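Student: Here it is, the structure, as structure tokens.
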Amino acid sequence: MKEIWYVRHGETEWNAQRRFQGHLDVPLSPVGIGQAFRLAERLSRSRISFDRLYASDLRRARQTAEPLAQVLGLPIATTPLLREIHVGELAGLTRAEAEARFPGFLAEAAEDPWNARRPGGESMADLARRLQAFLEEVPPGRHLVVTHGGVIRAALKLALDLAGDTWRRFHIQNTSITRILYPENAVLTVADAAHLEVWADWLSDEDLKG
């Protein structure tokens, strides 16, 4: 049995600006660093043990994993299999900029979002194959996996055998936890970000703007 705790990386400036990131090595923003430490504090208090800690080899995932590694006492095993979808020539663009540079692409992609390949990049189906390769390599146990929103949506689509584009409706918040049990494909938790809700309670409005 494999119990995978998927964690989306902390926020980056490009997340806030709603830019396509893909495989570009964008670092965490100050907000994202704070989110990672709040998650680390939550896991430390939970006293839940993990057998391994995995992370995408992109900087934003590694930065999120670092405080988790400290509180869990585990090394970080990085792998490109956990990277976000490769968006190719869309990297760095906003949706409006992408539409201007590639007229009609976003509308075409909306018709078949799972199989539509980004210009010079991947489709979600390609990403899912990477994820499945990773899951085949992972030994039995409870593992913490720091990755990206696209990877977690792909994991949910595969586990729940979702039809059409329903997998796109999941809102995977930065540093939220999604738990899936394999080989049962049992989804135990989706996008649990309780640690951020507690954090927001004591942040002032000025803190949130910064």
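Using the three backbone atoms N, Cα and C, a Cβ is placed for every residue, glycine included.
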Student: Let me know which member of Arg59, Arg60, Arg62 TrEMBL also records as binding substrate at the site of Arg8, His9, Gly10, Glu11, Thr12, Glu13, Trp14, Asn15.
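Tutor: Among Arg59, Arg60, Arg62, only Arg60 appears alongside Arg8, His9, Gly10, Glu11, Thr12, Glu13, Trp14, Asn15 as substrate-binding in TrEMBL.
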Student: In whole Å, note down how far the CA of Trp14 (substrate binding site) lies from the CA of Glu84 (active site, proton donor/acceptor).
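Tutor: Per the Cα atoms, Glu84 (active site, proton donor/acceptor) and Trp14 (substrate binding site) stand 14 Å apart.
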Student: Measure the Cβ-based neighbour count of Gly10 (substrate binding site), defined as the other Cβ atoms within 10 Å of its Cβ.
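Tutor: There are 27 of them.
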Student: For the recorded substrate site formed by Arg8, His9, Gly10, Glu11, Thr12, Glu13, Trp14, Asn15, Arg60, name the remaining residues of the chain with Cβ within 8 Å of the site's Cβ center, in chain order.
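Tutor: So the extra residues in range turn out to be Ala16, Gln21, Val26, Leu28, Ser29, Gly32, Asn174.
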Student: Are there any residues in the same chain, six or more apart in sequence, whose C-beta is under 8 angstroms from the C-beta of Trp14 (substrate binding site), and if so which?
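Tutor: Expected: Phe20, Gln21, Leu24, Val26, Gly92.
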Student: Distance check, please: Cα of His9 (active site, tele-phosphohistidine intermediate) against Cα of Arg60 (substrate binding site), rounded to an integer number of angstrom.
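Tutor: Rounded to a whole number, the Cα-Cα distance is 6 Å.
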